[in-house]
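Presented below is the structure to which this report refers.
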Amino acid sequence: MKGLPVLLWLCVVVCSSYPLHDSARDDDAGMELLQKYLENYYGLAKDVKQFIKKKDSSLIVKKIQEMQKFLGLEMTGKLDSNTMELMHKPRCGVPDVGGFSTFPGSPKWRKSHITYRIVNYTPDLPRQSVDSAIEKALKVWEEVTPLTFSRISEGEADIMISFAVGEHGDFVPFDGPGTVLAHAYAPGPGINGDAHFDDDERWTEDVTGTNLFLVAAHELGHSLGLYHSAKAEALMYPVYKSSTDLSRFHLSQDDVDGIQSLYGTPTASPDVLVVPTKSNSLEPETSPMCSSTLFFDAVSTLRGEVLFFKDRHFWRKSLRTPEPEFYLISSFWPSLPSNMDAAYEVTNRDTVFIFKGNQFWAIRGHEELAGYPKSIHTLGLPATVKKIDAAISNKEKRKTYFFVEDKYWRFDEKKQSMEPGFPRKIAEDFPGVDSRVDAVFEAFGFLYFFSGSSQLEFDPNAKKVTHILKSNSWFNC
């Protein structure tokens, strides 16, 4: 009951300072909303006793002006209609000003590669729609920083993403439908970095409800260390903008300046791949990258980039750069073999596996993992298999496919064992892929099978080959 006298006195002070609404009931509701809003977002709670003791309304007027200034309203110091209207709009649950306990000292991640995990799902959207919205939201920040992100399916990630209602274990309960949509914590261990979404909202892919992508992009800005912005055009403005044209969405300059003040501009970082000195970047000793006869030994993704291996070199293709970069394999990973047979990435383990002959190696970024090489037969392949031609891992199904001559085996990444019922004929399950597979990787929802100097674009949903391309078409040749 301690809160009741405070609330009543607050009503007396504010109502005596300026007129609010005609209805006393509206006055009470407005005062209650004002108190909660200022307590939640403008640090009123620690100051309440001070202005009560002084019997002076100047502090509450000052707090209202502070709120109005931050939200871009006219600084009347009064609970006018424009202020009331904005206070009723859906918004982020993170405070706008004042000391927020999880944001001391402008924290940031002390690494460039960050993992995330979607702990549970809202029933409002298909799982793949939630996955896509979160991936797209992270991409917004990845495109303007050196940061890269990968998703894991179990264990503790840097950013744990969850949907919840009411009290959900962090002592910052959600309020039901409307108003508070989500909240997130600044970078750090434990709960820090995590993002929580109110599952009492109606989450949508468009703006007919609460758009998950827009809210996620905002909250993940907090997970990366950003505060709220006072600029209404910014993604980090605290109030949700349902009128946003999703087809024309882009970060404001204020958002870009803020995130780059923490992490810098989009350049390669040591946590992804350390670019060697120019003396190590040699001209190809094999076929030039635009040669019509060029073929690859292996192809794999690595943290959003694509690596094309050939002899003792590899081309590194990033979405941020129009042209691939060419390096010695040994300049990044001294122990890896040249003329490798296959390579694939398991994104939820942040690991790339490299195969040559009957052995395989493992790398994480520029780090070579201990305990390798291992025999390919430890994976459950029969002794008759002497080498692997190509491999790819499906991050959604958590299955890895090993291609050997005209057959393939399937490995369960969760159980860490080969699945029964294999091998199967490649041509039966991948119609149109009739020749031997040299390499394979996934991009844009398609599988790209390489055979000699050609590649087949395969639609796994339609189960058919959609295009036949040159192997080096990725190099703008």
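Every residue gets a Cβ built from N, Cα and C, even glycine.
Neighbour count (other Cβ atoms within 10 Å of the Cβ, all protein chains): 29 for His218 (Zn(2+) 2 binding site). What Swiss-Prot lists as Zn(2+) 2 binding site is Cys92, His218, His222, His228, and the listing cites similarity to another entry.
Feature annotation from Swiss-Prot assigns Ca(2+) 1 binding site to Asp124, Asp199, Glu201; the stated evidence is similarity to another entry. Listed in sequence order, the residues of the same chain lying 6 or more apart from Glu201 (Ca(2+) 1 binding site) and placing their CB within less than 8 Å of its CB are Pro90, Pro177, Gly178, Leu181, Gly209, Thr210.
There are 15 other Cβ atoms within 10 Å of the Cβ belonging to His168 (Zn(2+) 1 binding site). DSSP assigns His168 (Zn(2+) 1 binding site) to coil, not to a helix or a strand. The Zn(2+) 1 binding site annotation in Swiss-Prot covers His168, Asp170, His183, His196 and is backed by similarity to another entry.
Val180 (Ca(2+) 3 binding site) counts 19 other C-beta atoms within 10 Å of its own C-beta, drawing on all protein chains shown. Annotation comment: Swiss-Prot describes Asp175, Gly176, Gly178, Val180, Asp198, Glu201 as Ca(2+) 3 binding site.
The 10 Å shell around the Cβ of Cys477 (disulfide bond) contains 13 further Cβ atoms across the protein chains shown. Residues annotated as disulfide bond in Swiss-Prot, with similarity to another entry given as evidence: Cys290-Cys477.
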For a quick check of packing: other C-beta atoms within 10 Å of the C-beta of Asp198 (Ca(2+) 3 binding site), how many?
27
List the recorded positions among Asp124, Asp170, Gly176, Val180, His183, Cys477 whose C-alpha is within 10 Å of the C-alpha of Cys92 (Zn(2+) 2 binding site), in sequence order, or say none.
Val180, His183
His218 (Zn(2+) 2 binding site) - helix vs strand vs coil (DSSP):
helix
What is the total of other Cβ atoms whose distance to the Cβ of Gly176 (Ca(2+) 3 binding site) is within 10 Å?
12
Could you check the recorded positions Cys92, Cys290 and say which one's CB has the most other CB atoms within 10 Å?
Cys92
